[in-house]
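Participant: Here it is, the structure in full.
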Amino acid sequence: MAGPGWGPPRLDGFILTERLGSGTYATVYKAYAKKDTREVVAIKCVAKKSLNKASVENLLTEIEILKGIRHPHIVQLKDFQWDSDNIYLIMEFCAGGDLSRFIHTRRILPEKVARVFMQQLASALQFLHERNISHLDLKPQNILLSSLEKPHLKLADFGFAQHMSPWDEKHVLRGSPLYMAPEMVCQRQYDARVDLWSMGVILYEALFGQPPFASRSFSELEEKIRSNRVIELPLRPLLSRDCRDLLQRLLERDPSRRISFQDFFAHPWVDLEHMPSGESLGRATALVVQAVKKDQEGDSAAALSLYCKALDFFVPALHYEVDAQRKEAIKAKVGQYVSRAEELKAIVSSSNQALLRQGTSARDLLREMARDKPRLLAALEVASAAMAKEEAAGGEQDALDLYQHSLGELLLLLAAEPPGRRRELLHTEVQNLMARAEYLKEQVKMRESRWEADTLDKEGLSESVRSSCTLQ
């Protein structure tokens, strides 16, 4: 029953205490179960008298959706009850507050922290997308932190959520203007892709401290939403190329040009495949078993590739592990595998240099045969520049970028090249360059994995979040 006065209402089986927040038609309280477990929960109290037809529909949709889903990064609906005055949604309690407060008390988040958080949100969004559910009100205020010590994000407040197939279109305005996709305001016609825009705004705010349409007045906000100007990213702080690429593709005003859901989930910066999970260690171990087998067979290149792939899973396994003793054991193993990978790298690098020298005569002949093809000759020059960068110490990333640029051109030219000797030489050169690019990509990844493992060797993820995000 609801209690009199201005205090929290009374609900059988629970003791409601402090108010956590309130919205248009609901107030959320922290509560304790009266059972022996004394479980802490959050109870969303919705006053029946405040409900109109639209808000009743929103509430019923929220209950229907949350009843049927379980995901580590979506707030769990444990139960719901009602009495003559209120409807009560008994939810999982998240002690860390919301993402908006977390960002603003730290001003901005480092890219590595933002990436971990974005992986968690992308995982929840993928889960919803597979079930044709669109949230339609994604914003930092609707994203909760499980705690401040070891924060995990939890998507909350499904009041505007809808069952929407990718091809469904809606016309009813929903969401918060700062995080709303432009087509919701400008065309009043939208589909599930509006959630991708909102993810871009959330990431932008995490990295730069405010959303891209931050305004002093509603008229200024409306002008920014209706403008056709491209969303420009600040030059500071410095961000990785992949991070900037993702932001620009999420914050594309035209939904037909916006990144697709599948490309978002597969984007190298999101990298859901390597998200910390209970499966990370098993996948790393399976790859190491294969690497050791190839190593014993004398296939150094295959062994190196498998060790590098294993490291890509060992790092998230370290993030996921909470037991200090098991974490130390994983770190020790990672150190061994990195050392062996470095030895194999020297062997493979020496072999690759020999192959490059052997291929010089064929490469020179191809260049001679390309004299009447300026575009082909230019692409081969870029490939030569990539090789030179590769031989220079510390030039792996620049070399990889040049290889990828060259291959982008050469693959198109190969497809258009008529049969003949030049086509044969070009095909061989493309195969060689692709192998070099793949090898370099693994070296860059291995270096990043080793750096991250070394970082974890000094402090856990929660410490890293606290120390790197806290204002001095």
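Glycine residues also receive a Cβ, built from the backbone N, Cα and C atoms like all the rest.
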Participant: Which of the listed residues, Ser55, Ser146, Ser217, Ser300, has Swiss-Prot annotated as phosphoserine?
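Facilitator: Among Ser55, Ser146, Ser217, Ser300, the residue Swiss-Prot annotates as phosphoserine is Ser300.
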Participant: Of the residues Ser305, Ser384, which is given the phosphoserine tag by Swiss-Prot?
Facilitator: Ser384
Participant: Between the recorded positions Asp137, Ser300, Ser384, which lies closest to Ser22 (ATP binding site), Cα to Cα?
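Facilitator: That would be Asp137, the closest of Asp137, Ser300, Ser384 to Ser22 (ATP binding site).
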Participant: Which secondary structure state does DSSP assign to Ser300 (phosphoserine), in the simple three-class scheme?
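Facilitator: In three-state terms, Ser300 (phosphoserine) counts as helix.
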Participant: Based on DSSP, name the secondary structure state of Ser384 (phosphoserine): helix, strand or coil.
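Facilitator: Its secondary structure by DSSP: helix.
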Participant: At the Cα level, what's the spacing in Å between Ser300 (phosphoserine) and Ser384 (phosphoserine), rounded?
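Facilitator: With the alpha carbons as reference points, the distance is 26 Å.
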Participant: Between the Cα atoms of Leu20 (ATP binding site) and Asp137 (active site, proton acceptor), find the distance and write it as a whole number of Å.
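Facilitator: About 20 Å separate the Cα atoms of these two residues.
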Participant: Where does Ser22 (ATP binding site) sit in the DSSP three-state scheme?
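Facilitator: Assignment for Ser22 (ATP binding site) reads strand.
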Participant: Out of the recorded positions Ala26, Val28, Asp137, Ser384, give me the one sitting nearest to Ser176 (phosphoserine) by CA distance.
Facilitator: Asp137
